[in-house]
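Down below is the structure, laid out as structure tokens.
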Amino acid sequence: LGLLYQEYRDKSTRQEIETRRLQDSQTDPEESSPSEETPSEAEPTSATESKAPPQISLLRNSNSRFNLWQDLPEIRSSGVLSILQPDEIKLQEAMFELVTSEASYYKSLNLLVSHFMENERLKKILHQSEAHILFSNVLDVMAVSERFLLDLEQRVEENIVISDVCDIVYQHTVNHFSVYITYVSNQTYQERAYKQLLQDKPAFREVISQLELDPKCKGLSFSSFLILPFQRITRLKLLVQNILKKVEEKSDRETTALDAHKELETVVKACNEGVRKMSRTEQMISIQKKLEFKIKSVPIISHSRWLLKQGELQQMNGPKTSRTLRTKKLFREIYLFLFNDLLVICRQIPGDKYQVFDSAPRGLLRVEELEDQGQSLANVFILRLLENADDREASYMLKASSQSEMKRWMISLAPNRRTKFVSFTSRLVDCPQIQCVHPYVAQQPDELSLELADILNILDKTDDGWIFGERLHDQERGWFPSSMGEEILNPKIRAQNLKECFRVHKSDDSQRRKLGSRNRQ
């Protein structure tokens with residue numbers, strides 16, 4: 001393909017955003033979206049079947065641009081577009097995008113290896129161990145992509161109407177895609193090594209800059225090539241989801257799509273876990289060194305523990321009954337470390353240390369928002385520890401710096417409480433939705449990184465510009481600035497998005513039900 005994967009991916013997601021904008025502006029989304037009931041697939045006539053299938057040359061033509069399946073000359077001249085149902089044409093497009101995007105991805109990987117990794121000047125500058133950390137097992141990843149692409153190409157060339165691609169995705173995910181877990185798990189080391197090399201080796205910095213200026217790179221940075229495998233494995237899962245939304249229900253193609261999606265989900269989760277594990281361990285060691293216990297010491301470092309949120313809040317002095325605005329200092333600073341299973345309450349002391357004076361299991365925390373009581377008590381909430389470090393109940397009246405900070409603490413401290421728009425246990429409510437139109441990188445543990453075209457349920461929002469959302473395609477939750485997205489106003493589009501989400505994850509739900517039934521027994 002003429003496009004590098006970074007360009008292809010950007011163009012594809014922006015087209016997705018524009019399509020949704022168009023649908024959202026229409027009174028009847030069914031005019032431009034898949035119909036509620038998918039008609040059965042129309043089989044090509046015997047006259048079409050008797051012809052030798054024309055060779056689709058797109059994948060081997062380096063001058064080809066971003067194309068639709070139905071725009072290919074071979075498809076237009078075959079007459080097949082007049083035979084197939086509209087829903088089947090949409091399905092063909094979804095499968096074709098998976099194939100062409102893999103071709104574009106392989107092209108970009110090949111450039112990473114041939115232009116950067118195998119550059120003779122770069123080889124002389126980098127020590128073998130530095131090169132290994134920087135490029136990891138990218139040769140294995142490229143070999144897997146090549147084998148995968150060849151099988152996809154072969155399927156496309158069997159017939160102008162693509163029979164299926166998800167069976168190929170399933171086989172390659174099960175047998176070969178573990179190379180992605182190895183590559184992505186190395187990401188933390190890779191980023192650190194790259195920053196260090198830029199800082200310590202001027203010759204490395206100079207060569208990379210020169211290589212990036214080459215017209216082959218089309219203005220794209222070296223780091224955009226290094227992150228390709230993680231972006232691809234995540235995107236591949238979304239492409240399979242897109243196919244799954246378009247296949248006929250209770251068909252063989254639905255079964256293979258569900259199987260492929262389930263295996264990709266496993267790989268993506270393992271990739272995410274690999275990245276988190278490294279950074280979490282380092283973070284826990286760093287926190288442990290900063291804590292001094294005024295109470296009985298609690299071991300902080302554990303393989304099953306990680307940080308959810310940390311930060312300063314204001315604690316109200318004295319019991320609730322004696323509070324008065326005439327008090328010289330109504331609040332004093334405290335510092336909270338909230339882990340997935342534990343809350344530690346501290347005061348900051350000199351030397352970047354924290355003195356721990358209370359703690360509680362996270363499951364024994366309750367929060368309550370105070371009614372508006374004037375500016376001095378704005379953004380105040382009650383934190384109750386049902387069983388604290390002294391094995392008794394304790395309450396803290398805490399003040400946050402803003403409304404969003406208060407809500408973020410309340411949701412992190414008590415994650416199962418009902419939010420503004422929907423309860424966490426309810427999945428059938430029409431709550432507000434938002435489409436991401438600007439990518440966002442999480443800055444705090446309770447925030448959610450967003451990719452272009454992500455769709456999220458809005459669970460809560462604040463007056464100062466923050467949204468707490470749940471991404472539909474993976475159910476990940478977190479906060480992000482409201483300026484990153486556009487709200488989806490059409491209720492039929494929101495309902496359609498939810499329906500597609502439930503369909504994609506129905507195999508996960510049935511698995512959970514089986515597990516729950518087994519546990520009860």
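Note: Cβ is positioned from N, Cα and C throughout, glycine not excepted.
Automated prediction, rather than curation, is the source of TrEMBL annotations.
As written in TrEMBL, here are the features:
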type: COMPBIAS; residues: 9-23; note: compositional bias 'Basic and acidic residues'
type: COMPBIAS; residues: 27-40; note: compositional bias 'Acidic residues'
type: COMPBIAS; residues: 41-50; note: compositional bias 'Low complexity'
type: DOMAIN; residues: 90-274; note: domain 'DH'
type: DOMAIN; residues: 306-418; note: domain 'PH'
type: DOMAIN; residues: 429-490; note: domain 'SH3'
type: REGION; residues: 9-56; note: region 'Disordered'
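Same-chain residues lying 6+ beyond the ends of the compositional bias 'Basic and acidic residues' (9-23) with a Cβ under 8 Å from its Cβ atoms: 3, 29, 32-33, 66, 97, 101, 104, 231, 235, 435, 437, 451-453, 455, 486, 488, 490, 493. Taken residue by residue, the compositional bias 'Basic and acidic residues' (9-23) breaks down under DSSP into 15 helix, 0 strand, 0 coil. DSSP assignment over the domain 'SH3' (429-490) gives 3 helix, 29 strand, 30 coil. On the 0 to 100 pLDDT scale, the domain 'SH3' (429-490) averages 92 in this prediction.
With helix defined as DSSP H, G or I and strand as E or B, the domain 'PH' (306-418) counts 20 helix, 53 strand, 40 coil.
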